[in-house]
Every structure is written in structure tokens, then in C-alpha cells.
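Listed in TrEMBL for this protein:
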ACT_SITE  463  active site, GMP-histidine intermediate
BINDING   170, 241  Mn(2+) 1 binding site
BINDING   240, 241, 242, 243, 244, 370, 371, 463, 464, 465, 466  GMP binding site
BINDING   271, 370  Mn(2+) 2 binding site
């Protein structure tokens, strides 16, 4: 590829400028030693005599280049880069950066007191809240971290407007917990290795398109999207998606409910989304210049229709992943026979598929979306009979609020709902995973006058620990740290360690425990904010990541 031709100039004196050719091999990651950022700084020092350049802006828009995605998006032929010694952008940014219906007084709530949060993530959250139209409330969860343009670990409530880019392309991504019948003794210690070996090579296309369509068929329709996307049904996906075999180490939940989590239970946690389909929906409906739709516009209506389909596809995907895992974990259970892809029987047994799905629902503890947008009554309010606040919290209803309530669109990008969207009742528990080497906390959402019955946290909780370092930094630093060490196995003598199934070496380092924030701090911040209780902990015995050919 040819070099990219740009112009660099002083932010404070834009008439002083110089040309620069950026080789195609130069890294867009600002943390890399051979980054475009480093090259621009070095050239500014020699050509513009700027002794200590610290900031870079795009001359046309005033946008500051901070993340790898910023550099990838903005470095094009003939772009002008303005170098600053620390001062803000000189010039007037385009009026279009702030929408005419933006709420400059929109409150921004940060639910963090102990967990470190990058300044860039907070800036992204505040900028989003105060520049997009109709935003009435913005929340940064303790796992808040920067995205390419919009933050992750954020909740945005918008009145009258829908903003597809706020939730990104992995529409419907979420997590589901399933109970297994395995005793703890079959996954502890070296037994975990045997389980891991059973799971190896589990991914790849599941059966035929006819089977996949039957799996996604409901009485009120189907969420099938055609073979181009359906072929990925039942696969986990790349990045931070996973499936884990976990042991419940602690639990204060009631044993009366058969779907409650009790100590020594062995459970399956599945984290996956809509695979490529959600990304195609986002790309189809938005452009850089068109990111917001009025809720009653044809564009918004069509987007929500396809968004909801992607969410149902993602849920069907998590169920099928669970079926495939259970077919390995519980051989002999005829309900899970369809989970195997090795059968040469190409017949579509609709009754068997229906039976398998029903049996899965009896094992499902919870299933939530943490990347989605949905319409809810706002602001939240307590039940009409609230003499006993503890009882009121457990009976909180979001669907039958007072007449003074209005509706908003809650956009979640890496944030878990505190209620079941189908029943509008509070959830009893939620997973808060840390990393493969740290616990998954069992959270119970709480509602009270202190949090305005869920307004403070926008009816949402953190969805994980959140990244503490970029993938590039993790790959570079942790790859060197663990050189020659097999981090796919627990440390010697660690009976509660995690066996990792992953064919991609780079991904193992990118997803290492050190790449994430401390999940205990994240959980404690939620407790301190009054929005959740920690009612238990699980630890992974086997963590399954994507295979090469499934990526």
C-alpha cells in the first residue's frame, strides 16, 4: 500500500506547516513505539520546532486523536493535523458537533469510587450526553472504559431519539447462566483438564441451515437472518466472548428456588452476541454523519425492528452454545443429543428441537442483553403500596407506573439490565465476570429511595470488570511477561485454577487477567452506590475461547 500524505501544522500558528508521508506499515496504535503518533511528534519537533508536542487535533473538525480507532478513522490523504503543546484546539469546532436538540444540562452519573477510570472514557461519556439529541440521563458504570468514539460500560437514556452507534455492532450481546448436573469433583483440579479436552474443537457450523431455522422458529415468527449469518449460530465469536464451566464457591441465595445458585453447583456461563449480523444492521442504518433518529421516523422504526431481531438471534445463539456444551458435559442425556454436529442424520426433527429448547429453559438461571436499546417508562417509581420498602423493592414494577411517567430509550453499551424486559420485574441475580483468573460475582440488583428506584444507575449494572489495558498493550507486555510459560493451565497445585481452551495464542494474552480491572473493586463500587448486593462468587474451572476458523 502507498504512504498516506498529510500536512502537520502548529495549533497555535496554523500558517507554520510541513508535509509528511506516513508509511503504510506505521502502527495506528498510539502506544506502539513505531506509531503514527510518534512519527508525527518527531516530525513536529524537527520541522515545526515544537519542543514538547503533547496533543494532536484534526484541523477540519478539532477532533483530538487519542485512541487507535481515532487514528485509523482520521488518517487519510490531505488531512491536516494540528500539533499542540498542551493547549486546547484553536478555532471553532463545527456547530454540527452539538445537535440542536442536545441537552447541555444532562446529568452524568459515575458509579465509581474505588475503581480507576480513564479520563478519556469520562470525556466520551460527557460529550455523548451533551451533544447528541434528547439525552436526559447518562451513567458510567465502574467498568467504564474508552471505546472508539462512544464509551463502553455506559448507559444513555434518551427521550424521543434512538442512537444506534451507542450500542455498536454486537447487538444483543449478553450473558446466560445454565445449571449442569456435574458434581464439583468432576471439574476441580486435574479433572478440569479432562473436561477441557472434551470441549476442544466444539465450534464450527451446527448441522444444516434447515436445523438452524427450526431452532430459531417461534410461534410468532422467526429470527433467522438467512444462511450468510445463520451459519454462525451456536458459535461464541472472537474478542472477549467466552463460555466457562464454573463452580459456585459462595452463595447466600435461597435454596428453595431450583434455579438459584448454591455452593458447589457447577454452572455454564455463556457470553456471546449476534455475531456478524448485528454489525450488518448497524452499517445498514447509520453513517458517520447520521447517527441519531427521531423515534417515530421510518429510519428508527426499521432499525428497531432489525435490532430486536438481532437480539432474539443472539439469545437463540446463547441457547444453542449451551446445548452444544451440555452434549459434551452430560453425555447420555437425550435432550442434548442435538448438540452434537457429528451425526450424519440430516433430517430435521422439529419435535426433538422443541424438546431440547424446553429442557434448556429449565436449566437457565438468567439470560440478559448488555448491548441493546429498549423503551421503558421513565423515571422509575416504587410500587403504589410501598409501606414496606424491602417488600416494595422486590415487587417493583416498571410497566404500571404513575400517570406522570414518560418513556425513554435506554441504550446499553456493556451494561446489564436490573430487570427482566419480558416481565418488567426486578432480576434476582446477575453475573459480573472478572477474567478467567478472577471470580464471577453474583449480583442482586437493589432498588430504594436512595437510588430513586433505579434512576441513579439507569436501571443497569456493570457487565464485567472492564479493560484496564488495550489489546495491543496486553499482547505486547503480557506476551513478554509470560514468555515460555504455559498460561493455558492452572499453576501447579492450584486445584481451583482455570484450564483454558483457545487455539489463538494472541487472544490468550489479550484476555489475560491483568488486562482487566479488579472485579472486586467494581462490585464494591456498585454496593457503595446502593444499586446492588454481592450475594455470591463463582470461579471458572474451564474457559473456552474462539477457535481460529470460527473467527
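Note: Cβ is positioned from N, Cα and C throughout, glycine not excepted.
Proximity to residue 240 (GMP binding site), defined by a C-alpha to C-alpha distance within 10 angstroms, is shown by the following recorded positions from 170, 271, 370, 463: 271. Around the Cβ of residue 240 (GMP binding site), a 10 Å sphere holds 19 further Cβ atoms from the protein chains shown. Taken over all pairs of the listed GMP-binding residues (240, 241, 242, 243, 244, 370, 371, 463, 464, 465, 466), the Cα spread reaches a maximum of 20 Å, rounded to the nearest whole number.
Of the recorded residues, residue 463 (active site, GMP-histidine intermediate) and residue 370 (Mn(2+) 2 binding site) place their C-alpha atoms 7 Å from one another. Counting only the Cα atoms, the space from residue 271 (Mn(2+) 2 binding site) to residue 466 (GMP binding site) is about 14 angstrom.
Other Cβ atoms within 10 Å of the Cβ of residue 370 (Mn(2+) 2 binding site) number 26 in total over all chains. In the structure shown, the C-beta of 463 has more C-beta neighbours within 10 angstroms than that of any other entry among the recorded positions 241, 271, 463. Rounded to the nearest whole angstrom, the C-alpha distance between residue 170 (Mn(2+) 1 binding site) and residue 371 (GMP binding site) is 7. A gap of 18 Å separates the Cα atoms of residue 244 (GMP binding site) and residue 370 (Mn(2+) 2 binding site). Here the CA atom of residue 242 (GMP binding site) lies 15 Å from the CA atom of residue 370 (Mn(2+) 2 binding site). Separating the Cα atoms of residue 464 (GMP binding site) and residue 241 (Mn(2+) 1 binding site) is a whole-number distance of 12 Å.
DSSP assigns residue 170 (Mn(2+) 1 binding site) to coil in the three-state reduction, placing it in neither a helix nor a strand.
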